[in-house]
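S.K.: Quick one: structure below, then a few questions.
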There are 2 protein chains.
Amino acid sequence: MDSDKTPIRVALLGCGTVGGAVAQKLTGNAAELAARVGRPIELVGIAVRRAGRDRSELGLDPALFTTDAEGLVTRADIVVEVIGGIDPARGLILRAMEHGASVVTANKALLAEDGPTLYAAADAAGVDLYYEAAVAGAIPILRPIHESLAGDDVRRVIGIVNGTTNFVLDAMDTTGAGFGETVERAQALGYAEADPTADVEGFDAAAKAAILASLAFHTRVSSADVYREGITDVTASDIRAAREMGCVVKLLAICERTSDDGGTEGISVRVHPAMIPRTHPLAAVREAYNAVFVGADAAGELMFYGQGAGGDPTASAVLGDVVAVARHHVSGGRGPGEIAYADLPVLPMGSALTRYHISLDVADRPGVLAVVAQAFAEHDVSIETVRQQVVVDEDGEPGGEATSHAQLIVVTHMAPDAALAATVDALAALPAVGDVTSVMRVEGS
Amino acid sequence: MDSDKTPIRVALLGCGTVGGAVAQKLTGNAAELAARVGRPIELVGIAVRRAGRDRSELGLDPALFTTDAEGLVTRADIVVEVIGGIDPARGLILRAMEHGASVVTANKALLAEDGPTLYAAADAAGVDLYYEAAVAGAIPILRPIHESLAGDDVRRVIGIVNGTTNFVLDAMDTTGAGFGETVERAQALGYAEADPTADVEGFDAAAKAAILASLAFHTRVSSADVYREGITDVTASDIRAAREMGCVVKLLAICERTSDDGGTEGISVRVHPAMIPRTHPLAAVREAYNAVFVGADAAGELMFYGQGAGGDPTASAVLGDVVAVARHHVSGGRGPGEIAYADLPVLPMGSALTRYHISLDVADRPGVLAVVAQAFAEHDVSIETVRQQVVVDEDGEPGGEATSHAQLIVVTHMAPDAALAATVDALAALPAVGDVTSVMRVEGS
């Protein structure tokens, strides 16, 4: 620790739920933070879009607020960006770095779209870029992957990184209700936005998957590289089918290195709903909680669990980064920057090795199972289990006969996703198959 | 990154399970590590006690081995100490720092006994002291507490940090067997040492509790400050009693800040067996796995889970530290040192607020419950639940009458541990109480 007691100046961009919590803690907890850093931390300004809004409930000095973000970033040692979105956040971050400020951000969308530009600007300016809050809120996950596991080789990261979708899927599992009505309930309870697209279509999780994969595999991965399926097509019957398998449906962000499992050398980065066994640690993650499961060569299996969103939890992650960066101001040095030497190819979804759970409605007559099995064999997909249930429907016509059909449930072994998808198409075209009632990937076994 | 490509010299002290794994990964994974650090990392020597031992299965250059640890530490930039124990480890670490080397160690006993000396030496020499591997093996827990949560206020850390005792308690829960035979089984399977004292008496967990509390509360805590009870007195009937409560018995390392719960301002650091509800995340930690639960003001509840011991998992943590320290050699700066400004008092066990589960064997006659309840009241201990079961024994004497007695199970509300212990003493002295058959603390509700 040096004897210089000049305050370290922090500028805050944005004063929503997260920004408000950050500002309150920076000011309310100033003495503790100063003791931890070795120098005082001073909040010098908060850039907001609308100056006139009543923010008195935050208990902050009104003189802190400004609409001049461009000016504010030039008079800070550390700029905290919690505006979100691509612009104007990107321009302000770059401007802050040009003026010698380190940056702490929670902006997953920007990092996943244009992280390399931000890293390059941080390198050029010799400043820090920290963003623990961008993935899984309060859960320390980026620092563990980027630093704690820096001497290990990560093979797999599987995360529940979006609280809204986990809340919806968990509620569907608990109540048996459908997607639409559950989203409405989540909106009423404040777990889903009025426009839930970014969450339920998987855009938010895909951005986080890109960030996790970049750090885990020392490779540049952007949102555009991430295969993405949301949860809007998950039905109550999918959830029931999962339950019958001893599984639960989760929206997973999956980052895998494929060199060790017989696939093409490279990485697979994808977001989609999947069934996982109820015995898997991720299955126990309820409501809006987040968790990230990491598999590494030497460390083995690790799991990180906690709150993935909310003002206070996200502020905790932001402030941890502020303290880390401020300590560098005191003792010199910088945190680790972008490490992208590995430059592994991001494989197309068709090459990813996955397993499918497929429910089929078929005619109940001899030979149907053989025809179905043949469709799998023709696509080189091997079947792990098949289960047949006969279903008898009363025909609605007066005097009509009762007809019977069967439900076939097939779980495959691992195969390239393209082969599995082609198998499903082929099954749908078979005359003996009335309907493909549910298709879902199976993970975590 | 600078353009200097001079190798960073690493000396390894100790070549047991962990040391061997570290040496193999440093040499076998050299190109990856160099890319991550920005400069090559060169293993310059391995200090061992016996030079002649056959270590050929490690596949290392025999010229690396030396018995001259004192000499070796003077020719390294980073010294990795995995000898364990107090001496000669302490002297070698101090000597390494005097010669300008940063130190990475897994030595929980030394850190918990004399951490401040090591920190002071690191400060004086301007070098790093890292020790992620000292607590919970591969699980990144110290860096998250020390760095990720540096802007938050930790209230509580509850850890399963000793794999041997968790294996034993889990096996007792699964099989119903007693402590002695389960320890023998654990020894046969390699989960317990020939002399299991350090594990089963809680010494190992106590050292880890001291390290966790120091970082979580910015206060110096040594092993001697930690209240410690091992698991040698845990019986099959305690485990059964826990099961009947919907609980499981775990050896917990508990670090609590007591200012917010009505107790005296300070911290409680303790290791003891306790019942926790089966619904608590820590209850699901099976076999020799470790997990640490952290409660912080803003972050809320976090959990970290993984392998707590073993050569490869521990080597993962050591190598993460080596990379962090090596990066400082490349880009300048140091990691955060000791932060002990808070200097909170460590409260005696008697002041800790705990809950007790007490089983009593009592005479089955009117008025006994009143007498028992009175003993609790006299110590100002409030009862949460009480359950009475009548037990009928056949008298062994020919012509003797069947006698009946009752089992009383009492779970208290929170009270100072001293009041609870005094209550148990008073109960044991009551004429109506035949025997206090089980006493255990209850946590995590």
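Cβ coordinates come from backbone N, Cα and C, glycine included.
Pulled from TrEMBL, these are the listed features:
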- B:Lys208: active site, proton donor (ACT_SITE)
- B:Leu13, B:Gly14, B:Cys15, B:Gly16, B:Thr17, B:Val18, B:Gly19, B:Gly20: NADP(+) binding site (BINDING)
- B:Lys108: NADPH binding site (BINDING)
- B:Glu193: L-homoserine binding site (BINDING)
- B:357-441: domain 'ACT' (DOMAIN)
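Give me the structural setting of these features: burial, nearby parts and distances.
M.R.: Of all Cβ atoms in the shown protein chains, 30 besides its own fall within 10 Å of the Cβ of B:Lys208 (active site, proton donor).
Look at B:Val18 (NADP(+) binding site): DSSP puts it in a helix.
Secondary structure at B:Lys108 (NADPH binding site), taken from DSSP and collapsed to helix, strand or coil, is helix. Cβ neighbour count for B:Lys108 (NADPH binding site): 26 (other Cβ atoms within 10 Å of its Cβ, all protein chains included).
Sequence-distant neighbours of B:Glu193 (L-homoserine binding site) (same chain, 6+ residues apart, CB-CB distance under 8 A): B:Thr164, B:Gln187, B:Asp199.
Within the domain 'ACT' (B:357-441), the DSSP-based counts of helix, strand and coil residues read 23 helix, 39 strand, 23 coil.
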S.K.: Can you tell me whether DSSP puts B:Lys208 (active site, proton donor) in helix, strand or coil?
M.R.: helix
S.K.: Report the same-chain neighbours of B:Thr17 (NADP(+) binding site): residues 6+ apart in sequence with Cβ closer than 8 Å to its Cβ, ordered by sequence.
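M.R.: B:Thr17 (NADP(+) binding site) has long-range Cβ partners B:Gly310, B:Gly311, B:Thr314.
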S.K.: For B:Val18 (NADP(+) binding site), what residues in its own chain, 6 or more apart in sequence, show a Cβ-Cβ distance under 8 Å?
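M.R.: For B:Val18 (NADP(+) binding site), the qualifying residues are B:Val82, B:Ala106, B:Ala133, B:Gly311, B:Thr314, B:Ala315, B:Val318.
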S.K.: Including all protein chains shown, what's the count of other C-beta atoms within 10 A of the C-beta of B:Gly19 (NADP(+) binding site)?
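M.R.: Within a 10 Å radius of the Cβ of B:Gly19 (NADP(+) binding site) lie 25 other Cβ atoms.
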S.K.: Counting other Cβ atoms within 10 Å of each residue's Cβ, which of the binding-site residues B:Leu13, B:Cys15 comes out lowest?
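M.R.: Checked B:Leu13, B:Cys15; of these binding-site residues, fewest Cβ neighbours within 10 Å: B:Cys15.
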S.K.: I'd like to know the mean pLDDT over the domain 'ACT' (B:357-441).
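M.R.: The predicted confidence over the domain 'ACT' (B:357-441), as a mean pLDDT, is 89.
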S.K.: Write out, in the order they occur in the sequence, the residues of the chain not among B:Leu13, B:Gly14, B:Cys15, B:Gly16, B:Thr17, B:Val18, B:Gly19, B:Gly20 that have a C-beta within 8 Å of the mean position of the C-beta atoms of the recorded NADP(+) site.
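M.R.: Near the NADP(+) site, beyond B:Leu13, B:Gly14, B:Cys15, B:Gly16, B:Thr17, B:Val18, B:Gly19, B:Gly20, sit B:Leu12, B:Ala21, B:Val22, B:Ala23, B:Val82, B:Ile83.
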S.K.: Just name the most isolated of the binding-site residues B:Gly14, B:Gly16, B:Gly20, going by other Cβ atoms within 10 Å of its Cβ.
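M.R.: Ranked by other Cβ atoms within 10 Å, the binding-site residues B:Gly14, B:Gly16, B:Gly20 bottom out at B:Gly16.
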S.K.: Please classify the secondary structure at B:Leu13 (NADP(+) binding site) using three-state DSSP.
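M.R.: Where B:Leu13 (NADP(+) binding site) sits, the three-state DSSP reduction gives strand.
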